[in-house]
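S.K.: Here it is, the structure, as structure tokens.
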């Protein structure tokens, strides 16, 4: 135990350290998920849609399938045409390549978080996303491959977020509050999506597409500083915490944790495991398909401008945190 007794005595008892951890972890998850979707809205104003449509429909055998504005939409509605002549296929690759890195990094980085430090792995996940986001506009101007490389690296960093946070929750959350604290942290994903979509739309509409990356990336540096100095891997290493709270968490979790061998054979031969895996895969397919494609649909089919697009795309994710916390509270009280 490396905490300081003087700091411990001066720490205010009305401010539980575990909820400071939960709040900062929530914001960290929001940052990671916010960067995951910021390109979805920004792409609307980055692409020269007239050129992209020409590329898509001028190929041999293709017919003009351009969509017309729905009834009630002004034919003179503002078109947000950007500088990049990216085909629909290339746009799809740019939106999906994040998940190439996301898919391969989760298992190895989960092990790194367990063996070394979940705090620093989670910080690394956010830091990679911040750095790649800030460098994305410049590399996008050089070549689409540069933007693709940044998105893949962001995915690698994002893949570390959940495994490292699982590890920290196991050390920080008392048994009686584990569901509540986990919910408070993980609603940051939907909150981050909602805030990122809205903020991206407003910034892109009022300023330009490059400002989306620079502003969101720069603001996230504040969180990184707070995480470094305020949070440790576990209560036993935490400086800013009362002895009473530390003892309560340790009593709930137990001081000693025996490392058990993972029964890989039993896991992979378990019907319950495969049922959960398939259900989770199908759920994620629907979640990410909706998340990635809705802004493009509202732009290309419904012809919404970027601000209106952002508001309607964000609505489901604005409501998700509210229902998640309410239902978690109901579930934990049963």
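A Cβ is built for glycine as well, from the same backbone N, Cα and C atoms used for every other residue.
Pulled these from TrEMBL:
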TRANSMEM  20-39  transmembrane segment
DOMAIN    26-334  domain 'Major facilitator superfamily (MFS) profile'
REGION    62-83  region 'Disordered'
TRANSMEM  120-140  transmembrane segment
TRANSMEM  179-199  transmembrane segment
TRANSMEM  211-231  transmembrane segment
TRANSMEM  271-290  transmembrane segment
TRANSMEM  310-328  transmembrane segment
S.K.: Check the transmembrane segment (120-140) against each of 20-39, 179-199, 211-231, 310-328 and return whichever range has the most CB pairs under 8 Å.
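M.R.: When the Cβ pairs under 8 Å are tallied, 211-231 comes out ahead.
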S.K.: So, does the transmembrane segment (179-199) come close enough to the transmembrane segment (310-328) to give 3+ Cβ pairs below 8 Å, pairs being at least 6 apart in sequence?
M.R.: yes
S.K.: What parts of the chain pack near the transmembrane segment (20-39), using Cβ distances under 8 Å and only residues at least 6 beyond its ends?
M.R.: 94-95, 98, 122, 125-126, 129-130, 132-133, 136, 151, 154, 157-158, 161, 165, 168, 172, 181, 184-193, 195-197, 199-200, 212-213, 216, 220, 223, 226-227, 230-231, 240, 291-292
